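J.: Take a look at what Swiss-Prot says about it:
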type	residues	note
ACT_SITE	His275	active site, proton acceptor
BINDING	Tyr24, Tyr129, Arg164, Arg278	substrate binding site
BINDING	Ser106, Gln127, Thr155, Lys251, 306-330	FMN binding site
DOMAIN	1-380	domain 'FMN hydroxy acid dehydrogenase'
Amino acid sequence: MIISASTDYRAAAQAKLPPFLFHYIDGGAYAEHTLRRNTEDLAGIALRQRILRNMSDLSLETSLFGEKLAMPVILGPVGLTGMYARRGEVQAAKAAAQKGIPFTLSTVSVCPIEEVAPAIDRPMWFQLYVLKDRGFMRNALERAKAAGVKTLVFTVDMPVPGARYRDAHSGMSGPNAAVRRMLQAVTHPQWAWDVGLCGKPHDLGNVSAYRGKPTSLEDYIGWLGTNFDPSISWKDLDWIREFWQGPMIIKGILDPEDAKDAVRFGADGIVVSNHGGRQLDGVLSTAHALPAIAEAVKGDITLLADSGIRSGLDVVRMIALGADGVLLGRAFAYALAAAGQAGVANLLELIDKEMRVAMTLIGAKTIADISADSLVQGLR
């Protein structure tokens, strides 16, 4: 398959992965309206083309939380990344470090903190869920700190798991799921060998380290699902803020009032996000939620965004809407599934090139030059 654009990796991933894994990363909640709107609404943002601006010294470099980035892109937390490629978290982290951007390890990664952190030459970020088992949360934070993690991404939009109907159809869950997954693996021999056999252990590395015994996909669906905490409130985050001395980012904000609460709480950053359309169907797309949040808190807190970003052009659009940087999820997972570390590295180069073309044609020499003035007003 020819990969000429960042968006080509989705089809390549579908050809490579067993259906239960492809549809797990590709799917969303309920009827997936928000999932579709994330990309559709972002694609509808019209950029304002400018000409004859002398764009010879263009730069994508930026700084977030005291860390220099080659471009305003972070590889965001994606659960079970190690099931898309052999030891997938390590491969993705290496590609990110090679490009000069951060990688964020998910709570529910296959590879544990202690395997990923030493594999790269820059501090990774770590994502943590709010769970009933506070002992696990403290253990994960202590281990992340010991591994040199400086930046914590705290996901707050998952007090309960989203209803992802596609998972039951694909074999990730539902009747006879284990048998269906095994049959799918047999019909995808390249994945079965490279990941299924050579990529073991297939457990939740961070959870296994805490529980002292191996975990499985059933634990991901079972133990983790019963551990999400619907009672969480801002006061429950106080001990984490006290414990974690580095930058703390609150991920999963869609409303300006919640963004203001994050500022009052003392968060260093927020991620405007609907969890990639995987939690509550029918909520605003990130592209439509971001401008009001930026108007409410821009300058008081670092603004990041995710959900629906598939290309360098999308990165430029999100920054014009008010973000200081973006997190990639599905986009890099597709590339990882298709071609491992090399696929992610190529994806990041494609995004770099796409950003440079877009910035040249809107007259923005630096990331700071991208603003609401870069958009055609009335078509946002």
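Each residue, glycine too, has its Cβ placed from N, Cα and C.
Each of these features: where is it, how hidden is it, and who are its neighbours?
T.: Its own atom aside, the Cβ of His275 (active site, proton acceptor) has 24 Cβ atoms within 10 angstroms in the protein chains shown.
Proximity of Arg164 (substrate binding site) to non-local residues of its own chain (separation of 6 or more, Cβ distance below 8 Å) is seen for Tyr24, Gly27, Gly28, Ala29, Arg278, given in sequence order.
Sequence-distant neighbours of Asp306 (FMN binding site) (same chain, 6+ apart, CB under 8 A from its CB) are Gly76, Lys251, Val271, Val272, Ser273, Gly276, Thr286, Val326, Leu327, Leu328, Gly329. DSSP assigns Asp306 (FMN binding site) to coil in the three-state reduction, placing it in neither a helix nor a strand.
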J.: Sequence gap of 6 or more, Cβ distance under 8 Å: name the residues on the same chain that satisfy this around Gly322 (FMN binding site), in order along the sequence.
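T.: Same-chain residues close to Gly322 (FMN binding site) (Cβ under 8 Å, separated by 6 or more) are Leu290, Pro291, Ile293, Ala294, Glu295, Lys298, Leu303, Ala372.
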J.: Same-chain residues six or more away whose CB lies under 8 A from the CB of Arg330 (FMN binding site)?
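T.: Result: Arg10, Ile25, Asp26, Val78, Gly276, Arg310.
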J.: Ser106 (FMN binding site) has how many other Cβ neighbours within 10 Å of its own Cβ?
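T.: Other Cβ atoms within 10 Å of Ser106 (FMN binding site): 24.
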J.: Would you kindly give the Cα-Cα distance separating Ser106 (FMN binding site) and Tyr129 (substrate binding site), rounded to the nearest Å?
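T.: Ser106 (FMN binding site) has its Cα 9 Å from the Cα of Tyr129 (substrate binding site).
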J.: Do you know offhand how many angstrom separate His275 (active site, proton acceptor) and Met318 (FMN binding site) by C-alpha?
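T.: Cα-Cα distance, His275 (active site, proton acceptor) to Met318 (FMN binding site): 16 Å.
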J.: Give me the long-range Cβ neighbours of Met318 (FMN binding site): same chain, 6+ apart, Cβ under 8 Å, in sequence order.
T.: Leu42, Thr286, Ala287, Leu290, Ala305, Ile309, Val326
J.: Taking 10 A as the limit, how many CB atoms besides its own sit near the CB of Arg310 (FMN binding site)?
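T.: A 10 Å sphere around the Cβ of Arg310 (FMN binding site) contains 22 other Cβ atoms.
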